[in-house]
């Protein structure tokens, strides 16, 4: 794979800082410290002083693509990889066998050999100590190959399933990268920029960055929509080495002059396929055009459709690629897939039946997918009235409520979460034992993505799907996915096989979900002795529905 990216000339460059930020102390890092500042003519303007409690002035400017002059830009270090003697000593046959065992395929030239342990990665002690403190037994497949790639300073593509350890694959090399750069000065933007499709994923990435960056005093902020801008603006003005952002809110900050990307030398596009599915391609391109072209760019994705390949060709320079598993669309073989062909009116009682079985184990967590926000609320209200500990999460919920719902679900205080696709994207909750497709998704890619929330990390899981005649065009693709995973296909579903309806599997963008259905007919008033509404200040709508007598 060879991507060509010729870059135009420029006459930009960094301006000098206006008064330095205090050093972070004790970072050590690669490449001999971070002493000198950037030279160059000083920036005019910069951030104006903010009087106590004063408002930020929001003067928007249209972003234009700079003309880059690489010769005038300050040099920076991005290759920190020194191969461990154990890695060097391995034969080509041993390396090939390791990659085969981990379903690892590579593409490109001069690709570093994979590592097999944390010590072989060559991380400094402050990173290794944190890894050991977190109790990770060994690197995942994507980390074994991704860390040497990222630490070598190369542009790279990493393709692996959600939940495979991609976040640490770029987070830890990013921390090493930061510690080798000069300190931020007043008015500087971040050094590492991570773009993510959803606020939930962005917040999860921030958690990992905070955890592993604390010992180096690396600051970060999370910039996303649906939350007040003030705290995000203050973080950016105070200076952060890492900015994790959703594309839309970051564009707002850039156009309002609240930050800049002149210092970014390490760019991450996480869940690139999902960002394109959600229509963020214009924003991504506008953002990346603001970053110096000799940066290091890392693209991470669960799939490799043509749209993502085109983005890689445009913005990655001679990249190397690692893929864990097959590029063919497939479901994990650790997931038991159960598909029931039903009518709309049968769904509610069948859901309760499956919940009774699933929650017989008190450690179970059940994620239920609904196609619309309305259905999501209706399912949740019914379940709560019937005594089930369910909470809803969707796009109409305020961010603080979404955070609370996720916390309750993660901790097991509420073992059922009902979600829409958009709300669930980027959510990584450990220990989900069951996924229920109350409504089928609009395309087979989303089906595989949904059920992949269970059966992670070698654990087993169960996916239950209610299939109606409205989804008959999905039948052939669904049979193909189940057949590949060696699942039992019910005769009722086989009637919808591709032999009758044709295959609709695509590897590009999804086709969008079905429109919402009308509401249920009500079922008389729940079971007596309701428990009152949700917790004050957090819950709204269906999440405040009284909880009936416990079903278990």
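Backbone N, Cα and C define each Cβ position, glycine as well.
Note that the structure is a prediction, hence the values are computed from the model and not measured.
Taken straight from Swiss-Prot:
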- 116-144: motif 'Q motif' (MOTIF)
- 160, 161, 162, 163, 164, 165, 166, 167: ATP binding site (BINDING)
- 270-273: motif 'DEAD box' (MOTIF)
- 337-497: domain 'Helicase C-terminal' (DOMAIN)
- 504-552: region 'Disordered' (REGION)
- 515-539: compositional bias 'Gly residues' (COMPBIAS)
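Positions of Swiss-Prot features highlighted on the structure.
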residue	record	Cβ neighbours (10 Å)
160	ATP binding site	24
161	ATP binding site	19
162	ATP binding site	17
163	ATP binding site	20
164	ATP binding site	22
165	ATP binding site	18
166	ATP binding site	26
167	ATP binding site	22
| query | Using the Cβ centroid of 160, 161, 162, 163, 164, 165, 166, 167 as the reference point for the ATP site, which residues of the same chain not in that list have Cβ within 8 Å? | reply | 140, 142, 302
| DSSP-derived helix, strand and coil totals, residue by residue, for the motif 'DEAD box' (270-273) | 2 helix, 0 strand, 2 coil
